[in-house]
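K.L.:
This is the structure I want to talk about, given as structure tokens.
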Amino acid sequence: MTILNHTLGFPRVGLRRELKKAQESYWAGNSTREELLAVGRELRARHWDQQKQAGIDLLPVGDFAWYDHVLTTSLLLGNVPQRHQNNDGSVDIDTLFRIGRGRAPTGEPAAAAEMTKWFNTNYHYMVPEFVKGQQFKLTWTQLLEEVDEALALGHKVKPVLLGPITYLWLGKVKGEQFDRLSLLNDILPVYQQVLAELAKRGIEWVQIDEPALVLELPQAWLNAYKPAYDALQGQVKLLLTTYFEGVTPNLDTITALPVQGLHVDLVHGKDDVAELHKRLPSDWLLSAGLINGRNVWRADLTEKYAQIKDIVGKRDLWVASSCSLLHSPIDLSVETRLDAEVKSWFAFALQKCHELALLRDALNSGDTAALAEWSAPIQARRHSTRVHNPAVEKRLAAITAQDSQRANVYEVRAEAQRARFKLPAWPTTTIGSFPQTTEIRTLRLDFKKGNLDANNYRTGIAEHIKQAIVEQERLGLDVLVHGEAERNDMVEYFGEHLDGFVFTQNGWVQSYGSRCVKPPIVIGDVSRPAPITVEWAKYAQSLTDKPVKGMLTGPVTILCWSFPREDVSRETIAKQIALALRDEVADLEAAGIGIIQIDEPALREGLPLRRSDWDAYLQWGVEAFRINAAVAKDDTQIHTHMCYCEFNDIMDSIAALDADVITIETSRSDMELLESFEEFDYPNEIGPGVYDIHSPNVPSVEWIEALLKKAAKRIPAERLWVNPDCGLKTRGWPETRAALANMVQAAQNLRRG
């Protein structure tokens, strides 16, 4: 029984973000479709070759996507919303981009599909839309074309397909309500057709992703698995693939399925290998997800070997990444600025492939010398002084309940804030960032590269902040922001100014579409050596009589959008960050900043996948926010912002944050999200986002007014704010001005009644 290795997927964007650049060039009309397609082909060929060279036996095909793999699956099944369909019924790459972005080089613009987080990761998928009586047919053959590509290059391949039940679970019903699970029998024939096509190509194994099987699914959904997989069996071997959690609670459902193998995430799940071996059918292959696909840490391969060695030779076994390597940067070897000791603690996607090769070889041979050598740096890290800061650990241990309480309740604070700010009804504001123009990015880059001295850099940033204030005053906004010209990314910027973080040059991971992020890495205890945002906030406030918001990223979001340590709990990291940012709130307040926004867009996405684990997470997540904010005086207004959220199941915790104002992303869901605030009788102020900043389309005054009137039916108008869905960093100035002018006009119309 020779053990093989494989990955569940590989990063798509390219080491230098080639895919992003090609997408954006095509969208802007600066390159042709053929040029875009050529970049995709080149990246796929390179990535297959890199994995093969690193020692991977079975290469994933179908993990590449032009925007998102769930959207690719929608097109595969012919699930194209009516508003995005071509007149002749055809589907092309522009159809895909219109669903993702709301517009493309061809076709009519229309509202983009809703976007939400992929399970509990920082990747976003485009939510499939389902309507009653919908028809499905094999429409978009990208998967088959890419399999042909890989076979022509001589690779041993394993196609990757999002499973039918997870696909339905991830979608939403539009229009007349019905049970979307009822569509299962309509999509299964398309899956059968795809599997038949793969069988014709001589494919032995297909990785069929059903991560929904790690959730606490309703019984009806669990019951659907057996008939669905009965219909899919027989043409190729199916590797039922799960990740992000363990499968033990649903193992009875899984073991009844007519599949030939199971992949389990042995990093994030609590599954016991011996129990899995005992309960799985003896002729099933077990794919052991031993290498963390979601983090950047080098694995202790001696531990991984010990975890799996007892079942070697007792059943067919593969070793794999825990999930797709999509969530990891590509290659550590190009990081030239990382300190050698710190660099020795990391492994990116290609290094993780190498780890899988080392592990496979050791399991096949019994020789573990190479594993011990590889694991030495990560074992040495446990005692490094760069990891432990006794002062931080002491301060954390001394936290009391009082540290997470504002001095007075919201009603008392609101009165003090009204007296201080005297804002009109329907106050208008933005979420924080303004367009990051080429000039701003060039300025930061030149400074970073040493081509610009500190004085000239600061003069340049000050000029952009001044421009942002002038623009906002001209537009008539009520509460201003400084525009964040000095910030590259809302998490990276804070990480750069906090001890305990390190940064990469090329550690990019895909967030959605062409958007990539370069998450900081938490390597040790977190503290704040000096004020971070105070100087620029103070400068912006000096330019205007209107209030300017101080802008902070909250502790849970910094945690969730960074690569965390693996040697302490997430709670510990979040509270260390909260204490550091608490000092920032106090310093902003002392500098005369009266409104401070602490963004927590990631609070909900950090939820454990199983509801039974939620309470513990929410308790420390809320406490971290409150530790951060509680130092503020009564007449300092604390705002928070959240996006891509379903709130109804965590409203108690949202209210427990005790923010004076919460701004939320609601435009794509047509204000549906406000229902949960209404039902809960949310007591504080709310700014429901009135237009979707992820789309370049400019909303009309009438559209915004209609949304606000809809909002006022759910929330008393005196507690409503008017704002976009999210920051405006990725937009251009022309559409930003136009959209904000319409937003301000809508608010003024409502004030006049």
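Each residue, glycine too, has its Cβ placed from N, Cα and C.
Per Swiss-Prot, the features are:
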- ARG17, GLU18, LEU19, LYS20, LYS117, ARG515, CYS516, TRP561, GLU605: 5-methyltetrahydropteroyltri-L-glutamate binding site (BINDING)
- ILE431, GLY432, SER433, GLU484, ASP599: L-methionine binding site (BINDING)
- ILE431, GLY432, SER433, GLU484, ASP599: L-homocysteine binding site (BINDING)
- HIS641, CYS643, GLU665, CYS726: Zn(2+) binding site (BINDING)
- HIS694: active site, proton donor (ACT_SITE)
K.L.:
Is it possible to get the count of other C-beta atoms within 10 angstroms of the C-beta of CYS643 (Zn(2+) binding site)?
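P.N.:
The answer is 25.
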K.L.:
Inside 10 Å of the Cβ of ARG17 (5-methyltetrahydropteroyltri-L-glutamate binding site), count up the other Cβ atoms and send me the figure.
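P.N.:
ARG17 (5-methyltetrahydropteroyltri-L-glutamate binding site): 18 neighbouring Cβ atoms within 10 Å.
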K.L.:
Measuring Cα to Cα, tell me the gap between HIS641 (Zn(2+) binding site) and GLU484 (L-methionine binding site) in whole angstrom.
P.N.:
16
K.L.:
Select one residue from LYS117, HIS641, HIS694: among these recorded positions, choose the one with the most other Cβ atoms within 10 Å of its Cβ.
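P.N.:
The most densely surrounded of these recorded positions is HIS641.
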K.L.:
Which of these binding-site residues is closest to ILE431 (L-methionine binding site) if you go by CA atoms: ARG17, LYS117, CYS643, GLU665, CYS726?
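P.N.:
In terms of Cα distance, ILE431 (L-methionine binding site) lies closest to CYS726.
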K.L.:
Let me know the DSSP-derived helix, strand or coil state of GLY432 (L-methionine binding site), please.
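P.N.:
DSSP call for GLY432 (L-methionine binding site): coil, neither helix nor strand.
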K.L.:
Select the closest residue to GLY432 (L-methionine binding site) from the following binding-site residues, measuring between CA atoms: ARG17, LYS117, GLU605, CYS726.
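P.N.:
When the Cα distances are compared, CYS726 comes out closest.
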K.L.:
Could you check which of the binding-site residues SER433, CYS516, GLU605 is the closest Cα neighbour of CYS643 (Zn(2+) binding site)?
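P.N.:
Sorting the binding-site residues by distance from CYS643 (Zn(2+) binding site), the top entry is GLU605.
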K.L.:
Compare the Cα of SER433 (L-methionine binding site) against each of the recorded positions ARG17, LEU19, LYS117, CYS516, HIS694 and report the nearest.
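P.N.:
If we rank ARG17, LEU19, LYS117, CYS516, HIS694 by Cα distance to SER433 (L-methionine binding site), first place goes to HIS694.
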K.L.:
Express in Å, rounded to the nearest integer, the largest CA to CA distance found among the L-methionine-binding residues ILE431, GLY432, SER433, GLU484, ASP599 named in the record.
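P.N.:
It comes out at 14 Å between the most distant Cα atoms.
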